[in-house]
Amino acid sequence: MTNNQLRTVVQAMPKAELHIHIEGSLEPELIFALAERNGVQLTYPSVEALRQAYAFKDLQSFLDIYYAGASVLLKEQDFYDMTAAYLKKAAADNVRHTEIFFDPQTHTARGVPMETVVNGIYKACQDSPVSATLILCFLRHLSEEDALETLEQALPFRDKFIGVGLDSSEVGHPPEKFARVFARCRDLGLHLVAHAGEEGPPAYIQSALDVLKVERIDHGVRILEDRALTERVAREGIALTVCPLSNTKLRVFDQMQDHNLVQLLDAGLVATVNSDDPAYFGGYMNDNFLAVFDSLPLGLSHAQRLARNSFVAAFLPAEQKQAFLDEVDAYFAALPV
Ligand code: HPA
Ligand SMILES: [Zn+2]
């Protein structure tokens, strides 16, 4: 199989996305359109000037711009339009199922009601041909009290999200800071995930597992620094939602050739490929897949494994999960040899 054929296979294969912040799918053009619609003043004079500011040196330098971009979201229709635009891109990349993160505190802190946020995003999911569910993320740079209050505000919409996560500035905000709110979410039957081991140390991955009891780790690429932890996470089948373009844009790795995705897979980990914040990091799902397949020693068997991992790690009912896995296997079985 030629390189071009492999690229085509990877683009067309059925896949699930498990790490996408919906606010990170807000393209500069939509930021400007919503700013105009809502009478919000932006500090950048043009779409081009805003896009040029997307040169990040680390996670925090990105987050500052990401929160500024989200300030144009005020009405339910704004959240709907943002989500519908993402789902259209996902469908074009043959994403069959997506589990979408949203950051309510970014909006409720500006006076936007919880119901505006949840309903706008949720309605767009219902109107899409892509299977889509929602994961509410707590901002870890804020207090646990703030997270608990946010959970209370979200409970009237309990049927509209399947789980909770933890995102924003990692270093200095270890998972154990959120032990109580995650315990409460666990009692509520919510799925649990957390960003850990993106910029933070492997110890954060360990406490996300042992204290928060998360079922997946978002990013987790620093896990290979701890061999015992790597072996444990592989043995327990806990998935890592890896985001290659995010990792190079935020300088977790200097260049894609340095990315450790192959080592993660070789260690027996359930690694997946995801876009994180596609409007900010240079691309959606297939851009991420093509970036790693172009830069790393990955072949057809890796493509099938990554497609399978994405559904294996998804929070889907067993029957639906198996149907997607069968679809992946049928897709690869039908390829010409
Ligand atoms: O990659 C990320 N890490 C932490 N917080 C985030 N919020 C959006 N994207 C990210
Ligand atoms: Zn993320």
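Glycine is treated like the rest: Cβ placed from N, Cα and C.
According to TrEMBL:
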ACT_SITE  E198  active site, proton donor
BINDING   H19, H21, H195, D276  Zn(2+) binding site
BINDING   D277  substrate binding site
DOMAIN    14-330  domain 'Adenosine deaminase'
SITE      H219  site 'Important for catalytic activity'
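On the structure: features taken from TrEMBL.
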residue	record	DSSP class
H19	Zn(2+) binding site	strand
H195	Zn(2+) binding site	strand
H219	site 'Important for catalytic activity'	strand
D276	Zn(2+) binding site	strand
Between H19 (Zn(2+) binding site) and H219 (site 'Important for catalytic activity'), what is the CA-CA distance rounded to a whole number of Å? 9
Determine which residues of the same chain, besides H19, H21, H195, D276, have their CB within 8 A of the center of the CB atoms at the recorded Zn(2+) site, and list them by sequence. I20, G24, F101, D167, D218, H219, T241, C243, S246, N274, D277
Under a criterion of Cβ-Cβ distance under 8 Å and sequence separation of at least 6, what residues of the same chain contact H195 (Zn(2+) binding site)? R140, G165, L166, D167, E170, I217, D218, H219
Measuring Cα to Cα, how far is D276 (Zn(2+) binding site) from E198 (active site, proton donor) in Å? 12
Under 6 Å from ligand 2 by Cβ, which recorded positions from E198, D276, D277? D276
